[in-house]
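Chemist: OK, TrEMBL features for this one:
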type: DOMAIN; residues: 9-338; note: domain 'Aminoacyl-transfer RNA synthetases class-II family profile'
type: BINDING; residues: R101, E151, F198, E199, Q200, M201, E202, E308, T309, S310, A311, G312; note: substrate binding site
type: BINDING; residues: 183-185, 193-198, 268-269, 312-315; note: ATP binding site
Amino acid sequence: MAKNATTMDKLVSLCKRRGFVYQSSEIYGGLSSAWDYGPLGVELKKNIQNVWWKEMTQMHDNIVGLDAAILMHPRVWEASGHVENFTDPLVDCKECKTRFRADHLDPEALEAKKCPECGGELTEPRQFNLMFQTHMGAVADANTAVYLRPETAQGIFVNFKNVLQSSRVKIPFGIAQVGKAFRNEITTKNFIFRTCEFEQMEMQFFVKPGEDDKWFDYWREQRWAYYTEKLGVNPEKIRWHQHGPDELAHYAKDAYDIEFEFPFGFSELEGVHNRTDFDLSRHSEYTGKEINYLEEETKERYIPYVVETSAGLTRSVLMILSDAYEEEDLGVDGKGRPDIRTVMRFHPNLAPITVAVFPLVKKDGLAELARSIEEELRDDFATFYDQSGAIGRRYRRQDEIGTPFCITVDYDTKEDKTVTLRFRDSMEQVRIGIDELVPTIKKAIKNYKRV
Ligand code: GAP
């Protein structure tokens, strides 16, 4: 059974055809680098977010959640260093006017100042701030300027004291947040990989200075296990990349990226950073209010260090889509034609639909019976009912959107209250009682291992 490699073109086409992701404002010709999540895409994204949220909050009694506003006081971004440092070096072609990130160009082309598109002359690199600016209120002047946040992390830092005082957490503890962030990216190719509007899942873990290296190693281990065990990502497709001195962000003492092998090569998916006491110190300095922590037992007062785990949610959607996509060569079909099965091997916890229910035929009361079984399952699973087309085609339609379990209701169901349960990955079919469906599917989800 040959398995073909995923290509971006195939993924983008499947995403549009089946309702995972659409180009933004497509009927107006589209807005480059902005994407909309369709009926299946929104479920997939929500499921990834839910698994992350459970892993980072419910599974730890010392991590709490937060949902801060996108618009924050503009001084936040001065204190955080984003106004000064959050820049990309850009060069422009004087001929074709194309703009490039200098650090993404071939060093020789940059040295020769030669445009890779048309051979025209390139300008000297200039620093370009990535934050989107807007104005709050009726008058658009310097006094009303605000930024769309370029990271969710600062919402956590500025609420450190609020959370400390209202939830009685003690160091070491973490604050987790999921939300939109915005960056005026210049190179926005590769579908939803790098976009101007995206979502992050971030957790800031506050620790005693001196214990930061230990917690940094702890969180690196935890995050690796999350991808391989909780999301079921192929471990051969992820790897670590440690930031060299010239790559480190202005706030970081040490940083590792988890990279995933996307169809276009290995690229960053998540960053684990040791942010030291940079952010809390800067907010103390800029507000004139000491943001520190008093250790009850020792009466020691200090500014905590922060270990950050920062994953892209929308980028995780692309990872899960590319990791799941497979084309299986099943030989030839009944009519002698090549039989290729497109299957999305999502972990059942992530699949937009968990169980699809079909009547073998619409007549003789089978449609009503199948409908009632589907309705019974709604309490436990995300379900879908489909009565149109041949059964084989209905299975294949579900394979293509990654539905892990399909149930077929036939004439025997009326007699003996059994149905056919079909498993997406193996295509195995078993006959089981209607009353066994929920426990059987739950067990299969719990024990799921990708083939
Ligand atoms: N608070 C730290 C921070 O924002 P980052 O490495 O700049 O660190 C963290 O971003 C993650 O956010 C990245 O690993 C990536 O998954 C996601 N991300 C960053 N920029 C993005 C963009 N333009 N489009 C989609 N995802 C992005």
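Using N, Cα and C of the backbone, Cβ positions are placed for all residues, glycine too.
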Chemist: What's the CA-CA gap between F198 (substrate binding site) and L313 (ATP binding site) in angstrom, rounded?
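Modeler: That separation, Cα to Cα, works out to 8 Å.
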Chemist: Can you tell which of the binding-site residues R101, Q200, E202, T309 lies nearest to R315 (ATP binding site) in space, using Cα positions?
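Modeler: With Cα distances computed to R315 (ATP binding site), the winner among R101, Q200, E202, T309 is Q200.
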Chemist: Among all the protein chains here, how many other CB atoms are within 10 A of the CB of L269 (ATP binding site)?
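Modeler: So the number of other Cβ atoms within 10 Å of L269 (ATP binding site) is 21.
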Chemist: Should C196 (ATP binding site) be counted as helix, strand, or coil on the basis of DSSP?
Modeler: coil
Chemist: From the binding-site residues R101, Q200, E202, pick the residue whose C-alpha lies nearest to the C-alpha of L313 (ATP binding site).
Modeler: Q200
Chemist: Filter the candidate list R101, C196, Q200, T309, L313 of binding-site residues, keeping only entries whose CB is under 6 Å from an atom of ligand 1.
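Modeler: The binding-site residues passing the 6 Å Cβ test are Q200.
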Chemist: DSSP on E185 (ATP binding site), three-state: which is it?
Modeler: coil
Chemist: For the C-alpha pair, I'd like the distance in angstrom between R183 (ATP binding site) and A311 (substrate binding site), rounded off.
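Modeler: A311 (substrate binding site) has its Cα 15 Å from the Cα of R183 (ATP binding site).
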